[in-house]
Amino acid sequence: MGKAMLRAGFADTNSSNMNESFARLHFAGGYLPSDSKDWRTIIPSLLMAVCLVGLVGNLCVIGILLHGVWKRKPSTIHSLILNLSLADFSLLLFSAPVRAAAYSKGVWDLGWFICKSSDWFTHVCMAAKSLTFVVVAKACFAYASDPAKQESIHSRTIWSVLAGIWVVASLLPLPEWLFSTTRRHAGVEMCLVDVPAVAEEFMSMFGKLYPLLVFCLPLLLAGVYFWRAYDQCKTRCTKTRNLRDQMRSKQLTVMLLSTAIISALLWLPEWIAWLWVWHVKAGGPMPPQGFIALSQVLMFFTSTANPLIFLVMSEEFKAGLKGLWKWMITRKPAVTSEVQEAPAGNTEALPGKAPSPETQTCILDTDGRGSPDDSKEKSGKVVAPILPDVEQFWHERDAVPSAQDNDPIPWEHEGQETEGCN
């Protein structure tokens, strides 16, 4: 998540001078020097397991939402959920592997660009998620108040809101991009935050305001809007006849509220560690390395928990997953045998096509001219023939209309026809 620690020292007690020099360093990019081989194995393994499960879950959610966009006009809430899933997918695809690689090595060998952009990119995705929670909570409240109103929002408005979220999220952690760099210290290549003296006051203010702007205020506003939306759903469900939309609104509100609460709880240890290392006093205790490492694992686990919540709590996502699976199966290439003609001697039509009455008659005539053995074999499949006199009767009736058909008062002649027959 940002800095692994602000003032950290190696566990090696044999070199006190080295510890004193390391205590003044600001590590960045997930780089956390440690002499423990267990931590270098456990933390990367946990990160990769979380990464694999989360990538599969987010791919399912993204596929369901994109399949829905392809079939119909995207809704505001679905577009915002898609934005959440894209942020989670980006975190797991780009940031988690970098953290795993940084933890597994005692030196930084991932290059200058990754060192400079790692913390910035991680915070961009987290800020985008926090801002998206605020917007989706506001959309849930609007949908609970008037479900029909949400359908009238133009697609350009939705994409403009999403673009604005990512622009703001990119600007908030920009100081981390400016001051993160690689340095060689005590013969070891490290990823550090090198703050010049003229910018120390600015970075001190940044350390106080950034968690407030990215974590506290957005989730507080989102919680208020979610609670109002939930209360609105309970009120309107007792007064409206359109219970289907209200039940859907309540389900979406509960699902997204659960996602916001889980995200806040899993982010909390990381922000505690972040504030601890930024505001520790000179000579004060530093957070344990294990706490810092596990807090970052929990932060990435948030991106795995979100798609699981969507797929478990939403009936709409369950149905969408089934529909997406059926769509993927039915899009297989057509079998070439379906377009080929039926072979000779097997004239019982292609699969799925019923033969016409004329075809049935032709088959019957052909069978009649065949050998007796063939007739015996096909006796169970022969259709009853049309009698010649019946066929001639209907043919003459269709070809030559009778006078009775043109008689405007046929009931006057019914008695005469009966007498003539007698």
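Each residue, glycine too, has its Cβ placed from N, Cα and C.
Listed in Swiss-Prot for this protein:
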{"type": "TOPO_DOM", "residues": "1-45", "note": "topological domain 'Extracellular'"}
{"type": "CARBOHYD", "residues": "Asn14", "note": "N-linked glycosylation site"}
{"type": "CARBOHYD", "residues": "Asn19", "note": "N-linked glycosylation site"}
{"type": "TRANSMEM", "residues": "46-66", "note": "transmembrane segment"}
{"type": "TOPO_DOM", "residues": "67-76", "note": "topological domain 'Cytoplasmic'"}
{"type": "TRANSMEM", "residues": "77-97", "note": "transmembrane segment"}
{"type": "TOPO_DOM", "residues": "98-123", "note": "topological domain 'Extracellular'"}
{"type": "DISULFID", "residues": "Cys115-Cys191", "note": "disulfide bond"}
{"type": "TRANSMEM", "residues": "124-144", "note": "transmembrane segment"}
{"type": "TOPO_DOM", "residues": "145-157", "note": "topological domain 'Cytoplasmic'"}
{"type": "TRANSMEM", "residues": "158-178", "note": "transmembrane segment"}
{"type": "TOPO_DOM", "residues": "179-205", "note": "topological domain 'Extracellular'"}
{"type": "TRANSMEM", "residues": "206-226", "note": "transmembrane segment"}
{"type": "TOPO_DOM", "residues": "227-259", "note": "topological domain 'Cytoplasmic'"}
{"type": "TRANSMEM", "residues": "260-280", "note": "transmembrane segment"}
{"type": "TOPO_DOM", "residues": "281-290", "note": "topological domain 'Extracellular'"}
{"type": "TRANSMEM", "residues": "291-311", "note": "transmembrane segment"}
{"type": "TOPO_DOM", "residues": "312-422", "note": "topological domain 'Cytoplasmic'"}
{"type": "REGION", "residues": "339-422", "note": "region 'Disordered'"}
{"type": "COMPBIAS", "residues": "366-380", "note": "compositional bias 'Basic and acidic residues'"}
Number of Cβ atoms other than its own within 10 Å, given for Cys191 (disulfide bond): 28
Cβ contacts under 8 Å made by the transmembrane segment (291-311) with residues that lie 6+ beyond its boundaries: 1, 4-5, 30, 32, 39, 43, 46-47, 50-51, 53-54, 57-58, 60-61, 81, 84-85, 87-89, 91-92, 95-96, 99, 103, 126, 255, 258-259, 262-263, 266-267, 269-270, 272-273, 277, 317-318, 321
Cβ-Cβ under 8 Å with the topological domain 'Cytoplasmic' (67-76): same-chain residues at least 6 beyond its ends: 82, 139, 143, 150-151, 153, 155, 158, 320, 323-324, 327
Intrachain residues whose Cβ lies under 8 Å of the topological domain 'Extracellular' (98-123), provided they are six or more past its termini: 1-3, 28-35, 39-41, 43-44, 47-48, 51, 90-91, 172-174, 176-177, 180-182, 188-191, 214, 293, 296, 300
Counts of helix, strand and coil residues, the topological domain 'Extracellular' (98-123), according to DSSP: 18 helix, 0 strand, 8 coil
Cys115 (disulfide bond) CB neighbourhood, other CB atoms within 10 A: 25
Beyond the flanks of the topological domain 'Extracellular' (179-205) by 6 or more, those residues with Cβ under 8 Å of it: 3, 18, 21-22, 25-29, 31, 33, 102, 106-112, 115-120
